[in-house]
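A quick write-up on the structure given underneath.
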Amino acid sequence: MRKIILCSPRGFCAGVIRAIQTVEVALEKWGRPIYVKHEIVHNRHVVDKLREKGAIFIEDLQEVPRNSRVIFSAHGVPPSVREEAAERGLIAIDATCGLVTKVHSAVKMYAKKGYHIILIGKRKHVEIIGIRGEAPDQITVVENIAEVEALPFSAQDPLFYVTQTTLSMDDAADIVAALKARYPRIFTLPSSSICYATQNRQGALRNILPQVDFVYVIGDSQSSNSNRLREVAERRGVTARLVNHPDEVTEEILQYSGNIGITAGASTPEDVVQACLMKLQELIPDLSIEMDLFVEEDTVFQLPKEL
């Protein structure tokens, strides 16, 4: 019988849960409005629900009245934003994911030691902007192998590299291999900069790909890790669609006769996954459902001390 294979883990990671709870608890404790620098996570459903509860999402701290509370999103901010918040008398609450903070700390430490840092990631992504702000004169962002080949450093230069936490492990591995080929002495953190949740979700998806011929990645188009999941499937020759609403699950699926895989980005609520699953079952009523467990997750991050 044709079946749906549900990846596990999928959806919310510990950093996203912490960020969302930070906004919710702040609203309960201090009431509305609570200002949030950038979307707390990259998912429209999450942001809309928090906005209804009284969160105000802003990009410019000038929009925040003096002496108000402002939450920094899970993606992190550059030091200049923290400084501006302090100058304006804002009460800052940091919802930056701990794994992003780890990368910030490493960049600061190695920049102080005189290393030039190669930062692998999407240069316009808010996480990369935040990390780069730690040492802008000592950081070079690379997005692909061509940019590695264009780097001006010698093999003897002191170099350190880190990656955006939500990258495709496939792409990151290719870029790192190119870096090490040019700069054999370059090194990184003992553990990967790519976060556990990104690795687990990509691993869970890779695990089911030999069994399916179509994949739905439930996630927002702005979500880096959701887009990387789609690319993981496509790189292995499996058709994949990134959808964020049941209406985007269309009759296109009727063109495919094999099993269907479903996963979700780390900022995707489970109720959106279930709504998309129900729509799929309406289109193909005789589908059975199978859960494929890749690894159990038990990571929990504590809320900011202010809460």
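Heads up, the Cβ atoms here are built off N, Cα and C, so glycines get one too.
Noted in Swiss-Prot for the protein shown:
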- Glu127: active site, proton donor (ACT_SITE)
- Cys13, Cys97, Cys195: [4Fe-4S] cluster binding site (BINDING)
- His42, His75, His125, Thr165, Ser223, Ser224, Asn225, Ser267: (2E)-4-hydroxy-3-methylbut-2-enyl diphosphate binding site (BINDING)
- His42, His75, His125, Ser223, Ser224, Asn225, Ser267: dimethylallyl diphosphate binding site (BINDING)
- His42, His75, His125, Ser223, Ser224, Asn225, Ser267: isopentenyl diphosphate binding site (BINDING)
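Cα separation, His42 ((2E)-4-hydroxy-3-methylbut-2-enyl diphosphate binding site) to Cys195 ([4Fe-4S] cluster binding site), rounded: 16 Å. Taking the centre of the Cβ atoms of His42, His75, His125, Ser223, Ser224, Asn225, Ser267 as the dimethylallyl diphosphate site, the nearby residues of that chain (Cβ within 8 Å, site residues left out) are Val41, Glu127, Thr166, Asp220, Gln222, Ser226, Gly265, Ala266.
On a Cα basis, Cys13 ([4Fe-4S] cluster binding site) lies 7 Å away from Ser267 ((2E)-4-hydroxy-3-methylbut-2-enyl diphosphate binding site). Comparing His75 ((2E)-4-hydroxy-3-methylbut-2-enyl diphosphate binding site) with Cys97 ([4Fe-4S] cluster binding site), their Cα atoms are 7 Å apart once rounded. Listed binding-site residues: Thr165, Ser223, Ser224, Asn225, Ser267. The one with the lowest count of other Cβ atoms within 10 Å of its Cβ is Ser223.
In sequence order, the binding-site residues near Glu127 (active site, proton donor) (Cα within 10 Å of its Cα) are Thr165, drawn from Thr165, Cys195, Asn225. Counting only the Cα atoms, the space from Thr165 ((2E)-4-hydroxy-3-methylbut-2-enyl diphosphate binding site) to Cys97 ([4Fe-4S] cluster binding site) is about 10 angstrom.
Cα of Ser223 ((2E)-4-hydroxy-3-methylbut-2-enyl diphosphate binding site) to Cα of Cys13 ([4Fe-4S] cluster binding site): a distance of 13 Å. Among the binding-site residues listed here, namely His125, Ser224, Asn225, Asn225 has its C-alpha nearest to that of Cys195 ([4Fe-4S] cluster binding site).
The separation of Cys97 ([4Fe-4S] cluster binding site) from Ser224 ((2E)-4-hydroxy-3-methylbut-2-enyl diphosphate binding site), Cα to Cα, is 15 Å. In sequence order, Ala14, Gly15, Val16, Ala74, Gly98, Leu99, Val100, Thr165, Thr166, Tyr196, Ala197, Thr198, Ala266 are the same-chain residues whose CB sits within 8 A of the CB centroid of Cys13, Cys97, Cys195, the residues recorded for [4Fe-4S] cluster being left out.
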